[in-house]
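Engineer: I'd like to ask some things about the structure below.
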Amino acid sequence: MTTDEGAKNSRGNPAATVAEQGEDVTSKKDRGVLKIVKRVGHGEETPMIGDRVYVHYNGKLANGKKFDSSHDRNEPFVFSIGKGQVIKAWDIGVATMKKGEICHLLCKPEYAYGATGSLPKIPSNATLFFEVELLDFKGEDLLEDGGIIRRTKRRGEGYSNPNEGARVQIHLEGRCGGRVFDCRDVAFTVGEGEDHDIPIGIDKALEKMQREEQCILHLGPRYGFGEAGKPKFGIEPNAELIYEVTLKSFEKAKESWEMDTKEKLEQAAIVKEKGTVYFKGGKYVQAVIQYGKIVSWLEMEYGLSEKESKASESFLLAAFLNLAMCYLKLREYTKAVECCDKALGLDSANEKGLYRRGEAQLLMNEFESAKGDFEKVLEVNPQNKAARLQIFMCQKKAKEHNERDRRTYANMFKKFAEQDAKEEANKAMSKKTSEGVTNEKLTASHAVEEEKPEGHV
């Protein structure tokens, strides 16, 4: 008798019910994964490839013997759909569930642990029964900052992805508040989508897509059209967007190692100009991409001639200074400081590098470090009035900061003192009450002693 037959013949075993009445949810329709819904979920959406899912489950062998349960650990089990993190049956079965749904799954060995099993709890060629509750699911956080959430409707082909500078052909459909505002086929260069009214979030997502992949992208304002919005499409400032994107084809750009020094220097001049255009247009993320290319091409370039070395240093210095300015605009002050450090490594007395590092440190409340940088600016250029003003601002901000700290600590100490006084008062009251009770006991004791002789008479 096979394990599957055993499931059918086990009276009172829910696995038997699934074996007889379950829906085949496999694409091959080979009855490898059977499902019965025990509690209907809500909504219409089900998990997609790459989604993070949160489930509770009980796992049993077909004979009813339990081998695992998330309930025993008092925490949900979390995995990503379609990434091979769980048995095939789960990737298939859980993908059919709605949020809040509870179902029973019966899984044949080829969709579970196969001939190998998972000893000691799961023997070879075991059919498994699961009760699964889908608690929640979320799209894939592509950049791990919540700004781009991907939900994959269709897998792509192969393992190659477009890189920055790749030429891509895509179909896109953009929605905002339920309204379709853009729908078209378009070809463009990754990192330059803005030139075609495509938000930077699409560029970023394309670098993680495969050919023929179809996905839904939820873009936060930072990766959409930002504070400016997009009047052309009727998009308000700081709007959240939803795009459905299909990557039809792409041709990768040359990697750094495929380019010689001459080509890198020629391309550096081109992308520097592109970066400046984006910066002047307030497209700081796009500008970062362009300036970043210069760094990736030239920072680790060795064996240059004197002329090439001079040109390379000039491009790198400009790139680091411009990146620092972009990061200041993007309020990424730590990155701004790092870029200034790189620039000052090339030119320790660079006025812009010192000034921008001072700006970043002032905004990070590093007042002494900022003041030191502005003082160095004056050593380089005593006529820099902005640096003098910034030194005054450092002193003013430091004083205000210290005053706030003083008030904060004073209030803290006052509260501690009041709390200590209250505790001392409570102790004194408790002691007084205790002494009163003791005195009453002593008085009562003396009264009893005095009454004793009268009792005997």
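Cβ from N, Cα, C; glycine included.
Copied straight from Swiss-Prot:
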- 1-26: region 'Disordered' (REGION)
- Met1: N-acetylmethionine (MOD_RES)
- Lys28: N6-acetyllysine (MOD_RES)
- 50-138: domain 'PPIase FKBP-type 1' (DOMAIN)
- 165-251: domain 'PPIase FKBP-type 2' (DOMAIN)
- 268-301: repeat 'TPR 1' (REPEAT)
- 317-350: repeat 'TPR 2' (REPEAT)
- 351-384: repeat 'TPR 3' (REPEAT)
- 421-457: region 'Disordered' (REGION)
- 447-457: compositional bias 'Basic and acidic residues' (COMPBIAS)
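Describe the structural surroundings of these features, if you would.
Structural biologist: Residues near Lys28 (N6-acetyllysine) in space but far in sequence (CB under 8 A, at least 6 apart, same chain): none are found.
Across the domain 'PPIase FKBP-type 1' (50-138), DSSP classifies residues as 15 helix, 37 strand, 37 coil.
Beyond the repeat 'TPR 1' (268-301), the same-chain residues lying 6 or more positions past its ends with a Cβ under 8 Å from any Cβ of the stretch are 164-165, 191-192, 194, 200, 203, 222-223, 228, 256, 259, 261, 312, 315-316, 318-320, 322-323, 325-327, 329-330.
This prediction places the mean pLDDT of the repeat 'TPR 2' (317-350) at 98.
Sequence-remote contacts of a segment are chain residues at least 6 beyond its ends whose Cβ falls under 8 Å from one of its Cβ atoms, and for the repeat 'TPR 3' (351-384) they are 320-321, 324-325, 327-328, 331, 333-334, 336-337, 340-341, 343-344, 390-391, 393-395, 397-398, 401.
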Engineer: What residues elsewhere in the chain lie close to the repeat 'TPR 2' (317-350), defined as a C-beta under 8 angstroms and at least 6 residues from its ends?
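Structural biologist: For the repeat 'TPR 2' (317-350), the nonlocal Cβ contacts are 268, 272, 275-276, 279, 284-285, 287-288, 291-292, 294-295, 356-357, 359-361, 363-364, 376, 380.
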Engineer: For the repeat 'TPR 3' (351-384), DSSP counts of helix, strand and coil?
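Structural biologist: In the repeat 'TPR 3' (351-384), the DSSP-based counts are 27 helix, 0 strand, 7 coil.
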